[in-house]
Amino acid sequence: MTQNTFFPIFPHQHLLGIKDLNVQDLIVLLDRANANIPFSKKIDKKQSPLHGCTQINLFFEASTRTQSSFELAGKRLGADVMSMPIGNSSVKKGETLIDTATTLNAMKPDILVIRHSCAGAAALLAQKVDCCIINAGDGAHEHPTQALLDALTIKRAKGRIEGLTVVICGDILHSRVARSNILSLNALGARVRAVAPSTLLPAGIADMGVEVYNTMKEGLKGADVIMMLRLQRERMTDSFIPSIREYFHYFGLHKENLSYAKSDCIILHPGPINRGIEIASDIADGPQSMIHTQVEMGIAVRMAVMEALLDSRLKASGEKK
């Protein structure tokens, strides 16, 4: 890794969740990500701070945006990137997560990016391996890089985060994105609201500093930012809503519901989008939508995270760069 003096204070060697970061940590990562945007669009051999580093992506859950984003982020930084094909791996033959991690650790990677259906999987690996761990989503627990890219998208669109009213709508119960965003947005000074049917709200959400509403009309009043969440039917074992049609009418984002928010509000969605379920196509593709911008910001954010973690590890180990 080449000399990098951009991170004077970033004490973390893993990114397991937003809960582990303070406001200064968030600002450092967002500032670096913002600086990375010009370099996130193509490989620049003159800007290769991760040259000679190895990044392994270990996705136990299907992913398009997040896995591709991490692959591109590593390559933009000059890292050697390997994505493990879980479908053909020893995991399918009964190998445990710990055994897989131990095997990969023997290969001496510098970064291990993991997505897993079990909450705490990334934290468990961090105790077992010698490299930097990045949580790319663990069950319904956290998705820290998604929260960071959402914050960067908001800040670039609105010029600030502090003082904004951000409304998170939809399947909050099953959403790791919601949890990470609540933590980051509260820390950065936003006013956070949640709108969902009571069956899709986690217990104790109000204790996280969130204003809770059960109607879009009330919840979207004065909204600067609307963040729609996918209805995660694959995680549902019971009937949480009467019907898709009724859910879209009352809790989907269509013209009538959007009219309750500020006229200049922006719309976010972590993807994948279920058109006609949580958001109408004309809204998802409309001028207020920042969905494609979020994807673009994701590469810059993940570049910043990898740089920061490796820089911190090298400083802690006393290695000469």
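For all residues, glycine too, the Cβ spot is worked out from N, Cα and C.
Small disclaimer: the values here were computed from a predicted structure and weren't measured.
Taken from Swiss-Prot as is:
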- R65, T66, R115, H143, Q146, G271, P272: carbamoyl phosphate binding site (BINDING)
- K93, R176, R230: L-aspartate binding site (BINDING)
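Features recorded in Swiss-Prot, as mapped to the structure shown.
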residue : record                           : DSSP (3 states)
R65     : carbamoyl phosphate binding site : helix
R115    : carbamoyl phosphate binding site : strand
H143    : carbamoyl phosphate binding site : coil
R176    : L-aspartate binding site         : helix
R230    : L-aspartate binding site         : coil
G271    : carbamoyl phosphate binding site : coil
- Message: What is the set of residues, excluding R65, T66, R115, H143, Q146, G271, P272, whose C-beta falls within 8 angstroms of the centroid of the C-beta atoms at the carbamoyl phosphate site?
- Response: S63, T64, A136, G137, V177, P270
- So which one is it: of the binding-site residues G271, P272, which has the fewest other Cβ atoms within 10 Å? P272
- Message: Excluding near sequence neighbours, so keeping only residues 6 or more apart in the same chain, what lies with its CB under 8 A of R176 (L-aspartate binding site)?
- Response: G137, D138, G139, A140, H141, E142, H143, Q146
- Query: Taking just the CA atoms, what is the gap between R65 (carbamoyl phosphate binding site) and R230 (L-aspartate binding site) in Å?
  - Reply: 14
- Task: For H143 (carbamoyl phosphate binding site), list the number of other Cβ atoms lying within 10 Å of its Cβ atom.
- Result: 27
- Ranked by how many other Cβ atoms lie within 10 Å of their Cβ, the binding-site residues T66, Q146 are led by Q146
- How many Å separate the Cα atoms of G271 (carbamoyl phosphate binding site) and R230 (L-aspartate binding site)? 7
- Please name which of the binding-site residues listed here, T66, R115, P272, is nearest in space to R230 (L-aspartate binding site), Cα against Cα. P272
- Which ones in the same chain are close to R115 (carbamoyl phosphate binding site), with CB under 8 Å and 6+ residues apart in sequence? L58, F59, F60, E61, S63, T66, Q67, N135, A136, G137, D138
- Residue among binding-site residues R65, R230 with least C-beta crowding, 10 angstrom cut-off: R65
- Message: If you pair up every Cα among R65, T66, R115, H143, Q146, G271, P272, the residues annotated as binding carbamoyl phosphate, what's the maximum separation in angstrom, rounded to an integer?
- Response: 16
